[in-house]
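Structure record follows, encoded as structure tokens.
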């Protein structure tokens, strides 16, 4: 039994230069907005209040810096891999070439948490903001149609509808999806800029005292929570096979989107805690809107709700996109059934994978109340970041001869810093989250040995080692 068999990096690079069946239509601008679309959403509009009230206080801005550094170090590692072998699959594909098939499967399975379950959580958040917005316009939906059975309702219908609408858009093609994403990102960036431009005049420095009410440990635990606000920049790399000039544009998209969002997060958290004393954010699900209400700017608060809906919509779009591309890559390698990599003849999208993802996300968001999923998503994502960072170090020593279009600076120190930061954040998460995560990974191991190990293309003597699949 060979659990550590690896894909040939040379053949993978050669394959990336050929045709995969996916349309190459994206540029650096699209990728940057794709990253911003994935990053700015639930984290800034929902989790900032919880992190400020219960973990970091005004030092929330330092929590964002810590989480941003962890992601920044990992982003440089992602950028090197993405430019070297621009192939769908992100951390899964990178791990396959450096750490072997079994580790790659585990990372791919963990990415289902980041992209799949996170999509369900985001859809539920979208539903809450949507219901609140239409109530402000005088329309009321029955409670039975806006919450799952466990919460006293029957079905979360808005969450299901938005999931199916996004799935339809994704199945029509990446160009169409990117256009919608770009418009939505423009709306939410305008709203964030408006919040900053208006809110800065209502900041009271006295609200920043005490600055660290929960101490250093509060900054770290706050960073572990707001890390969710950064999830998504790595989704840029899942679009690798649909980029016109991936060696140049992928590093730009990954690093630029993360840098822009980090600066915005720090400014927003500083203004938010400067307007409202941190303790008043306890139990608040719309902290940014609350800050504007306290400032007496209710019209801005209303626009923040619109921005939140736009922001959460783009997160849902990019997360579901990322999930379908990871499934596509795993299926092409034989670890999942061939239908996951079946390409639509007209739209050039993995349409079956897209609809399987969309329906699953819709069902979960419509009927299941997810409470600790944000922490599970963080754990799955952090583990992927650790493996990608480790892979960059290993590959530098295993294959120093490779021509790298983008080189992660400071190797091995930069990737090692990413590993240290991410590992520390992982162990800052609750014990119950770890138990659920281990059960999820155990299920993944069962599926791998039940199907993936035997059907892997690397297990077939006559197969193409890079894992291509020409089935249409």
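Using the three backbone atoms N, Cα and C, a Cβ is placed for every residue, glycine included.
Positions annotated as transmembrane segment by TrEMBL: 31-53, 59-81, 102-130, 150-173, 185-203, 209-233, 254-279, 299-322, 351-370, 376-398, 410-428, 434-453.
Within the same chain, the transmembrane segment (59-81) stays apart from the transmembrane segment (150-173): fewer than three Cβ pairs sit under 8 Å, each pair at least 6 residues apart. The stretch in 31-53, 102-130, 209-233, 434-453 that contributes the largest number of Cβ pairs under 8 Å to the transmembrane segment (351-370) is 102-130. Scored on C-beta pairs under 8 angstroms, the neighbour of the transmembrane segment (299-322) with the top count among 185-203, 209-233, 410-428 is 185-203. Between the transmembrane segment (185-203) and the transmembrane segment (410-428), fewer than three CB pairs separated by 6 or more residues in sequence fall under 8 Å, so the two stretches do not touch. Of the two recorded stretches, the transmembrane segment (410-428) does not lie close to the transmembrane segment (254-279), with fewer than three CB pairs under 8 Å once pairs fewer than 6 apart in sequence are set aside. If you look at the transmembrane segment (434-453), the same-chain residues 6 or more away from its ends with a CB under 8 A from one of its CBs are 1, 3, 101-102, 105-106, 109-110, 113, 330, 334-337, 372, 376, 379-380, 459.
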